[in-house]
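Student: One structure, as structure tokens, below. Some questions next.
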Amino acid sequence: MISSPSTPATFAAGSLVLLCLVLGGGHFALAQKEGNDDIQHYTADDCQVTPVIHVLQYPGCVPKPIPSFACVGRCASYIQVSGSKIWQMERSCMCCQESGEREASVSLFCPKAKNGEKKFKKVSTKAPLECMCRPCTGIEDANVIPQELAAFADDGTLTSYFQKGQLRNSE
């Protein structure tokens, strides 16, 4: 189930739901769980344009701090067993990313400029115009480690079922 950024996702209490941590700009964010025992709502979308100081650097020039913007926040992500095909997983990994960009030109002072070169270097920089939760880079199925290999599996009903199924196939 994928929800729009303004609508919280809703999962039945019996659903297997694992939330992935989103790393963005050095911040870790995990969705907050709200609701009663029957229905759980995960509301985590909080992706905003944030003012930052960006230091522009160019070889031979004096670094120049300038006011800029960055996308900072958290977005809801999950992995769950498919409702229609219980042998498959449904994933939704969302990341706080730019939606449009602005460009600016800045002059840097370059005291080590050689003869004939200008003492000021004009450089271009970009910053996000707006930010929103968008799908992260796709995950290759080959990169997903099964729970049994990652040592996270418990002795639940499904784990026992799959182990028995593997034994029957190997006989």
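Glycine is no exception: its Cβ is also placed from the backbone N, Cα and C atoms.
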Student: In Swiss-Prot, CYS71 sits in a disulfide bond; tell me which of CYS20, CYS110, CYS131 is on the other end.
Tutor: CYS131
Student: Do you know which of CYS61, CYS75, CYS136 Swiss-Prot records in a disulfide with CYS110?
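Tutor: So the cysteine that Swiss-Prot bonds to CYS110 would be CYS61.
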Student: From the candidates CYS20, CYS133, select the one that Swiss-Prot records as forming a disulfide bond with CYS75.
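Tutor: Checking Swiss-Prot, the candidate bonded to CYS75 through a disulfide is CYS133.
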Student: Please work out, from what Swiss-Prot records, which of CYS47, CYS136 forms the disulfide with CYS93.
Tutor: CYS136
Student: Go through CYS75, CYS93, CYS110, CYS131, our disulfide-bonded residues, and report the one whose Cβ sees the most other Cβ atoms within 10 Å.
Tutor: CYS75
Student: Among the disulfide-bonded residues CYS61, CYS93, CYS110, CYS131, report those whose Cα falls within 10 Å of that of CYS75 (disulfide bond); none is a fine answer.
Tutor: CYS93
Student: Where does CYS110 (disulfide bond) sit in the DSSP three-state scheme?
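Tutor: In three-state terms, CYS110 (disulfide bond) counts as coil.
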Student: Measuring Cα to Cα, how many Å separate CYS133 (disulfide bond) from CYS47 (disulfide bond)?
Tutor: 6
